[in-house]
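Have a look at the structure below before the remarks.
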């Protein structure tokens, strides 16, 4: 019977599931090479609520067998940046059509126009600055490829130096010339609107984890009034922050070239450390996606409109719609590049090793054995543990996550299923394409028809690559799931 424990009632011993350090050690290779030794313990009789602690006398943590996914082709960084730059130029071109379109087909009695655009109204210096900002990633990839270090011939080294010098000189000269003209032509408010995103760049991409490791800000915060640093030292700290932020940004700029690795180990502390590193890396990639997408949409949709004369008419609704289309399309393309199939599989492996805990009502398991949670143990599936005055049930094959850590729960939720990110991107890109097709069929304006038709081509290519990866990986993971089910049945 349930109820409160009286003074004469026998108290069961609650031994930990495993001794500290029994699950340590790391194993390389593709699968976990050892399993955690099961520990015998007593269980109470169930209270009839459906919750029960499994018999641990014969339980063994089943070793994970990771799926071997095929090597999918990964686009080279410079080719991807060229493709992204081309898509952004198309979006910028169709927006200029929306703003500066003419009625060239009208009869001569109306104001004559021999071209489809009012080219005399376009500020080509503003167009040059916008193009350079949109092509910053492509320019950076060219400079990176031309800055390769290694054993190269004299002719190749001279060619790479000339390429790097030409690209940087042409970009710098064009940017300085256009900015000088803009400073002479427009007001300070217009220039502030033009440069506003770059002022928000450093605060958004601030190095939270790396700065805590280097104790850059904690050292300044711990100083007393008499130990205040000088202005030069503060400027050096800011320059160090700027340099480290730019270093991390350029590292994430070429995602597939700097892919982290997975250590298939059985040490709980090492697994949690690996998950923390992967969380930081994933957050950096998502920040890069968000910043690049918003920056592209801002300079494609908002900047050309801001510098238009007040007497000039344009379709404001279409400009806002173009902002959403460019931001979503750019986000999907960047996520497809920065989160390839191998990276998503890496996150899935780490989530499988981490495990997850489900919070249960203590009243429903008052007569079920509850082990005190310890961080040195790997807990098998179905075990109840007590942590921070709450009761949790193990969900994964084996679990080393901290039960009260919400970030561990989120990590396991997003990456426990390896195709979840790919499915989200596929649905998002498919929804954008369906909306564009609907807008194309219902549009009665020639400039919108041309704009939607051109933007659709870039989305078609991204959707094709996502669908190809989804079909191939779906077959691979379904075969692995059947094999894992047979292995679990053999162990049980």
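The backbone N, Cα and C atoms fix where each Cβ goes, glycine too.
Here the structure is a predicted model, which means the values were calculated and not measured.
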Taking 153-175, 222-244, 245-267 as the choices, which stretch does Swiss-Prot tie to transmembrane segment?
153-175
Looking at 288-308, 351-371, 372-392, which stretch does Swiss-Prot describe as transmembrane segment?
288-308
Quick test of your reading of Swiss-Prot: among 52-72, 115-135, where does it put transmembrane segment?
115-135
Recorded stretch, among 115-135, 153-175, 288-308, 322-342, 447-467, maximising Cβ pairs under 8 Å relative to the transmembrane segment (421-441):
447-467
With an 8 Å cut-off on Cβ pairs and a sequence gap of 6 or more, do the transmembrane segment (322-342) and the transmembrane segment (77-97) reach 3 or more such pairs?
yes
Pairs of Cβ atoms less than 8 Å apart decide it: which stretch in 153-175, 288-308, 447-467 has the most with the transmembrane segment (77-97)?
447-467
